[in-house]
Amino acid sequence: MQECNRSQKIAICTVGLPARGKTYISRKLNRYFNWLGYKSRVFINGNYRREICGTECNSLFFDPNNEEAQKARSDCAKMALQDLIQFLKNGGDIGILDGTNITKERRHQIESDLKSSFNGIQTLWIESICNDSKVIQNNIRLTKINNPDYCNMDSEQATIDFLNRIKMYEQIYKTITDDEDLSYIKTMNVGADIIVHQVYGFLLSKVVSFIMNLHTYPRPIYLSRHGESQYNVDDRVGGDSDLSELGEMYADKLADFFNQEFPTKEIKNEIIFLTSTMRRAIHTSDVVAQKLEIQPLQLKTLDEINVGICDGMTYTEIAQKFPNDFQERKINKLGYRYPRGESYLDLISRIEPVIFEIERSRQPVMIIAHQAILRCLYAYFHQNEIPEVPTLDIPLHCVIKLTPAAYFCDEKRVMINPQTGEISIKEEYVQEFIRSKSKQKSFIDL
């Protein structure tokens, strides 16, 4: 986990018209913070409005001259803010208020309520501005017309109504100005330009870098462990062994698979290919690279977890020589740090720059690395709870294809038989998990 002043609370509030990516940014930040080990939660004003006022509020409900509706929406926004404050008081680290907050008066009231509730709270405002009509239309198509507000309306009607809703907000929208004395980030047209004003502190500075790398361009991300190594055969941890005979077969079949995935030279040349500096990963990557005629980038950041003085030992030997360590790791696999080695929490900190690189990329990404490393990367994209990371299923001789979307991540698992090259595909590996997460009691819990 990253080090910072955990006693200081942080509130992040969004600003902007509908369909400008505020919820996308909020959820991305929330996932990032939780992956780093902070207790973070998003409070979406719209979900409170749906819970209290229902889901069939057409554009007239958002008319600033509709006093009754204006009061109802204001009350819902206050509820969201109060829940955020209570979350922070009950041990949360970071609360994210996802709403339009388009008037100076509203922002002033939020800032005042936060400062009166906490001594020294850090607040950051993120305003998302977009005047690209194609981007706005795409946002509406991908996220808005499928939300509960339009479940009983066809897509054409839903789009017209939502565009009318935006016009209602435009009547009173005031962008953040320096005289409000706020700490803020403005991002324009999906990161084409960014303005940073009075942003200080360790974590908020990281937020700036994170947001600078965000975009909404779809691209696949391929994760694969190296082929079976000799240490895998011997059931030993760590080390820098080379591939076994079966591992070499997998490297050949993996190269064939990627050659089919990227059939043209132009597509191959776009690939961002990352691997570690360990022999088993380099050997696997070199076979793939030769077939595709591309060059992998070797990063020590992607090396397997450092097992310290246990390097080269079997788990049976560890249990015999270091029984206390063996038991401690069994109880707390996430936080356990090998003597003179690393823990899973250390790995998350170590591979953070790789997450930034993946988020920045607009081309296909291929990563051939190791089980613990891929567990950490996989957990980020699927928003797994941190304690789940050390037990995530990342098998040998399997390609995990992830395709990030606005609010979720599609996954396809491709099992490759190293001996025959036979491929079996599981398209909906995480659908059960997604469905279980979506069974909530109310919109507020979403």
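Quick reminder: no glycine exception, Cβ is built from N, Cα and C everywhere.
Since this is a predicted model, take the numbers as computed values, not measurements.
Annotated active site, tele-phosphohistidine intermediate per TrEMBL: His226, in sequence order. TrEMBL lists Glu304 with the feature active site, proton donor/acceptor. According to TrEMBL, the feature substrate binding site maps to Arg225, His226, Gly227, Glu228, Ser229, Gln230, Tyr231, Asn232, Arg280. Taken from TrEMBL, the feature domain '6-phosphofructo-2-kinase' covers 6-218.
Here the binding-site residues are Arg225, Ser229, Tyr231, Arg280; the one with the fewest Cβ atoms within 10 Å of its Cβ is Tyr231. The full span of the recorded substrate binding residues, Arg225, His226, Gly227, Glu228, Ser229, Gln230, Tyr231, Asn232, Arg280, taken as their largest Cα to Cα distance, is 14 Å. For the domain '6-phosphofructo-2-kinase' (6-218), the model gives a mean pLDDT of 93. Glu304 (active site, proton donor/acceptor) is 13 Å away from Tyr231 (substrate binding site) when you measure Cα to Cα.
Taking the centroid of the Cβ atoms of Arg225, His226, Gly227, Glu228, Ser229, Gln230, Tyr231, Asn232, Arg280 as the substrate site, the other same-chain residues with Cβ within 8 Å of it are Val233, Ser241, Asp242, Leu243, Ser244, Gly247, Leu396. Around Glu304 (active site, proton donor/acceptor), the same-chain residues six or more apart in sequence whose CB sits under 8 Å from its CB are Gly238, Ser276, Met278, Ala369, His370, Gln371, Ala372, Ile373, listed in sequence order.
Spacing of Arg280 (substrate binding site) relative to the residue listed as 'active site, tele-phosphohistidine intermediate' is 6 Å (Cα to Cα, whole number).
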